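Annotated features in Swiss-Prot:
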- H73, H75, H243, D318: Fe(3+) binding site (BINDING)
- H73, H75, H243, D318: Zn(2+) binding site (BINDING)
- R82, Y145, H178, Q246, T323: 4-imidazolone-5-propanoate binding site (BINDING)
- Y145, N320, G322: N-formimidoyl-L-glutamate binding site (BINDING)
Amino acid sequence: MTKNSSTVFTHARIATLEEKAANLGLIEEAALVVKDARIVYAGPENKLPGEYASFEKIDCGNRLITPGLIDCHTHLVHAGNRAHEFELRLQGATYEEVARAGGGIVSSVRNLRAASEDDLVRETLPRLDALIAEGVTTVEVKSGYGLDRDSEIKSLKAARRLGEERDVAIRTTFLGAHALPPEMNGDKAAYIDRVINDMLPAIAEQGLADAVDGFCEGIAFLPDEIARVFDAAKAHDIPVKLHADQLSNLHGAALAASYGALSADHLEYTDGDGAAAMASAGTVAVLLPGAYYFIRETQKPPVEAFRAAGTKMALATDNNPGTSPLTSLLLTMNMGATLFRMTVEECIAGVTREAARALGILDQTGTLEIGKDADLAIWDIERPAELVYRIGFNPLWKRVFKGQI
């Protein structure tokens, strides 16, 4: 591991992922220069300024440099697993049937409440390590398995500690409106009161949330209930995002757009109006093919409608114990292509530039541009398409986080 803050990566091919660049912004025979954890040059090697001649050099051997990958939707902090529910679904039970029978999210709540913060960190690190091993440099982590003030705070603190234990950027999201805890006896209005009057103020005061999320679905919370949470988030000046239209069309995409949400996620049942509303609001569509695959969904998100509307699309693992126990963004890209018919360029942009946009950090990372964080992944491949094409193969050569290998 090098601690040199000034490095030139030579003999490289660079996919900058710049916004308007064609073909992933690919530059052949390129060099990239890092100084003080920032990118200071990314371009043709034969135009490399002489001022960098004394910097440490790393010969990339014509390998491909991309931005470090970004997993923009995870529930990485959880306790235990739900393999038994996997077996139930194989026997024919639906996601909704499992949830209504007391399984699903509520079973994860029991496990998380019983775990200590240290337990959560210890159990989560192997999942995080699996992502890091594939070139991931930023991970979004949601709460939502505590569903009371102390447990939600515990989850968010555990998530923040992940960034202290590993060289990775962590973005935390408060997902109090994830499910109704059993002690509320079906009283959703009273629970939303707790979310906005008890949990959110404490979390905001401690600065533990970079965003606020909700689950807008018949088995979770209806649009008017989510709107109350979003109004409270806006009062605390915290951006919002939404689990929307996964199992039915409750017009969650349009709701998210009406609040200027960073993203709306899942979106299998979103219609053309929802796609257009998201495009107008700049709300990113975060597609989660792992969950689609794992629960054997048949309704695909409207990728063509998103393209037609100009809605930006990101991809994420949705790592969670019940519906997407997935810790591979490389496999997620392949699923985005094979299941949702996304292009190679859409898939790679979806785990770099558009994932950064979905987290509100595109000004810091997600592309290889001067002034941005030196978060890089260097791949031993001949074509960018290999990142999407291969299954069960990791061609990562080096991962660079804030300029450090």
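Glycine residues also receive a Cβ, built from the backbone N, Cα and C atoms like all the rest.
Shown here: features listed in Swiss-Prot, placed on the structure.
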residue : record                                  : contacts (Cβ under 8 Å, 6+ apart)
H73     : Fe(3+) binding site                     : E140, K142, S263, D265, V286, L288, A316, T317, D318, A358
H75     : Fe(3+) binding site                     : V141, K142, G144, Y145, L175, D318, N319, N320, P321
H178    : 4-imidazolone-5-propanoate binding site : I105, K142, S143, G144, Y145, L147, D213, G214, F215, A220
H243    : Fe(3+) binding site                     : D213, G214, F215, C216, E217, A220, G252, D265, H266
Q246    : 4-imidazolone-5-propanoate binding site : E217, H266, L267, E268, Y269, A291
G322    : N-formimidoyl-L-glutamate binding site  : R82, E85, V98, G103, G104, I105, S107, S108
T323    : 4-imidazolone-5-propanoate binding site : Y95, A291, F294, I295
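For the recorded site, H243 (Fe(3+) binding site), the DSSP three-state label reads strand.
Taking all protein chains in view, 24 other C-beta atoms sit within 10 angstroms of the C-beta of N320 (N-formimidoyl-L-glutamate binding site). In the three-state DSSP assignment, the secondary structure recorded for N320 (N-formimidoyl-L-glutamate binding site) is strand.
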